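The region 'Disordered' feature in TrEMBL is assigned to B:1-21, B:679-778. Residues or ranges marked as compositional bias 'Low complexity' in TrEMBL: B:11-21, B:726-735. Residues or ranges marked as transmembrane segment by TrEMBL: B:133-151, B:214-232, B:306-327, B:380-400, B:526-548, B:569-587, B:626-650. Per TrEMBL, the feature domain 'TMC' maps to B:449-564. For B:695-707, B:715-725, the entry in TrEMBL reads compositional bias 'Polar residues'. Summarising the annotation, TrEMBL assigns compositional bias 'Basic and acidic residues' to B:768-778.
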Amino acid sequence: MGNKQTVFTHEQLEAYQDCTFFTRKEIMRLFYRYKDLAPQLVPLDYTSYPDVKVPYELIGSMPELKDNPFRQRIAQVFSEDGDGHMTLDNFLDMFSVMSEMAPRDLKAYYAFKIYDFNNDDYICVWDLEQTVTKLTRGELSAEEVSLVCEKVLDEADGDHDGRLSLEDFQNMILRAPDFLR
Amino acid sequence: MWKQLKKHRSSSLASSTSGGESLSEEELARILEQVEDKKKLIATMRTKPWPMARKLAGLREAQEFVEKYEGALGKGKGKRLYAYRMLMAKKWVKFKRDFDNFKTQCIPWEMKIKDIESHFGSSVASYFIFLRWMYGVNLVLFGLIFGLVIIPEVLMGMPYGSIPRKTVPRAEEEKAMDFSVLWDFEGYIKYSALFYGYYNNQRTIGWLRYRLPMAYFMVGVSVFGYSLMIVIRSMAGNTQGSTNDGESDNFTFSFKMFTSWDYLIGNSETADNKYASITISFKESIVDEQESNKEENVHLTRFLRVLANFLIICCLCGSGYLIYFVVKRSQEFSKMRNISWYERNEVEIVMSLLGMFCPPLFETIAALENYHPRIGLKWQLGRIFALFLGNLYTFLLALMDDVHLKLSNEETIKNITHWTLFHYYNSSGWNESIPRPPLHPADVPRGSCWETAVGIEFMRLTVSDMLVTCITILVGDFLRACFVRFMNYCWCWDLEAGFPSYAEFDISGNVLGLIFNQGMIWMGSFYAPGLVGINVLRLLTSMYFQCWAVMSSNVPHERVFKASRSNNFYMGLLLLVLFLSLLPVAYTVMSLPPSFDCGPFSGKNRMYDVIQETVENDFPTFLGKIFAFLANPGLIIPAILLMFLAIYYLNSVSKSLSRANAQLRKKIQALREVEKSHKSFKGRATARDSEDTAKGNSKNATQLNKEGTTHHPASPSQTLDQKAQGSRASSSAGRTVSPASQHPLASDQTLAKPSLRLVLGGQPLEGVLRDLPTDSWD
């Protein structure tokens, strides 16, 4: 693969490499994945910074996201207006944070935003209930769900205000041995 | 373009200097500091939690700033050099990036492993990553041995058939090419560079005067040294990532909720399994939580556990004795003439069968113990480890008996050789005028070369192990899958759901098998240099074979569990196995005399004498004196004591540091709690008297806010808290004013903490708050 790609200018690619964890090849590969989601919508020439958004339904059908219970939240968190429709910039951002080269605190920050369903910058009881329901696909009974949420608040709520702030979440998640994905 | 830029800079510099020496020392220092800040920002831009557009804008601005000023900072003549250095630095960064791109391309099997990861989860993939790492290590070892030992001997040593040790004896010659003989590593293979016995004990060979015996010894030592270094480096790398202080038990539910989903899953079947396992895991934890106060019969449990351990120890002893018995029997077999295939391979078959059947047996016995699954898994792994270890060491002990037997026979063989040669040279019927041709190498009576025999045993063990693994996978996984898939149509019960169903990939069994095979390679490579090459081939085929088998016949685990930090557990096991396999080799090198007529150390009293010889003959004399001085026990024992002391000291330092760490953490937490209770207190109090002076105060607050930002006091959490406080303060209008708020000290405190002043007002400040740079975030 030579240097003869015409999608981005040289400076654009360098800037993307500085702002994400990806190499040039990976950025081009991601661009082609993005384009394959909506071939008619996405132009082949990004040198003029076109303003193109791929609707959420197409993003949610990607094989990497299709089975993920939080795909809607993920798309909402990374999209421009919080509606799930993503531009190429958002797309690159999303994959950069999800990649294995991103540091833990960056992932923790975005994980907090994903689990905060009502976007009030706190994970309250309702958010927790939503999370559990999505994780178990409704298999747990209502009292089991509320017991779980209560236990989580017990464990992780440091300032005892009945909901998890970013600090509480970060404190807890950075101790998790498995938290990297 | 470069020239243009330089001209632009020089002109700007000229204009600024001509404009009244505005570039004073402090300004330069300040600009330099700012340039450094911007450069750091550019380097860490990708770790900022901003949306892409903001990152791109920030990046552009920082780059322009750096471009504008970095040339201006070089003064006078040094400026050109400085600019040149900048250019070189940029080129170096680009080169490094391209090199990184290239390096990631070179990692083999990456796509295969990612595929497996998306189907089976990260734990199964971790086995393959471990296998790939092992392959890399073995490749390096193979390169060492091949390049430094085998190639010189083959190229520069005496060719096959020239001396007795390199020739097939006359008695074995007709059968030496038979496949069955070759398969047992006898015949031509035994007398080849793959085994110890082939090597000649000439001190130097070839025109390069390559010191082969010395090289052989040093390569043997460095195999262990390199393996040790790389295992420890890998362990250190793993522990760097996790600064776990063992509090994970406190957060069971939180972890279950937030970290149980494996984001790498890309397959619906796996996802379904994952949902089911998460649900079950939640239910189990709930049940655990509710039952944690249940009374349990302690005595019965203890009795059952003791009984289970007793049974398992019996099993282990039984298997150890069985192996000893079988090895003894095989020695008797080797004395007989017509032995069947089974009798020849009995030892390997028994060992592999034990390795296959004992672990499930242990699991069924362990059902008596009623442990928590995680603890039960650890016990199970420990027991399998003990089983393998016991088997290996019993095998070695039996082999040792064999070696001693061979050694004791050496005297008689020497006598026989002497007399044969004597008779040959003095027999009548030969014209005495021409000197006799030397006895054909194939006819010279040969000593039994114990090192080669040991090497052959290890080779056969490795090969049979590989075969058993292959057959187990084919029968246990593939044929079973075929059976279930095709017989399901005409079978009474649902084969897929009930017994036997599809097989799951047994991670721990496979990893332990891999570790123990590596242990055997380490033990055997000194006596059979070709063993590492065989292992490389084996790992290569195993990689492809197991990748295919996993994708075609296995199903994802019902309880999909994470790979977590069990990686270090396996590395620790590998380290232990490395030490344990070093012991037999070290013992034999130090205490057993080498065979008198085969191998690179033949004729010496001990194998390590080669070092002494080399030091005496090849190094200058003063080096010899230095070595003799260093090897003095009077020097070595204090050195060892010093190392022990150093270890003890470092250990206590690290303990005290971690204790200090924990205390600091507690202090931070306590401070935070105090602050929060203060804030809520103040928030309610100051809300009252701020309502009259809201406007004026908000203006001051914005001013203070600006100063506050330049000193970076606000962290995102605090800004969020303040927003909450602001909303709370505005809503709690009807509170009594506490006397503390009237106190002059209170106002000092609020002034000292500009963040607290931001509580006031609310609406107009929110816009300012949102624009606070979150650099202090890291």
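Using the three backbone atoms N, Cα and C, a Cβ is placed for every residue, glycine included.
Automated prediction, rather than curation, is the source of TrEMBL annotations.
Of the candidate ranges B:306-327, B:380-400, B:526-548, B:626-650, B:526-548 has the most C-beta pairs within less than 8 angstroms of the transmembrane segment (B:133-151). Spatially, the transmembrane segment (B:214-232) is adjacent to the transmembrane segment (B:569-587); three or more Cβ-Cβ distances between them are under 8 Å for residues at least 6 apart in sequence. When Cβ-Cβ distances below 8 Å are used as the criterion, the transmembrane segment (B:380-400) is approached by residues 312, 315-316, 319-321, 323-324, 327-328, 331, 347, 351, 354-355, 358-359, 362-363, 366, 454, 457, 461, 508-509, 512, 516, 519-520, 523, 573, 580, 584 of the same chain, each at least six residues removed from its ends. Each residue of the domain 'TMC' (B:449-564) gets a DSSP state, and the totals for helix, strand and coil are 82 helix, 4 strand, 30 coil.
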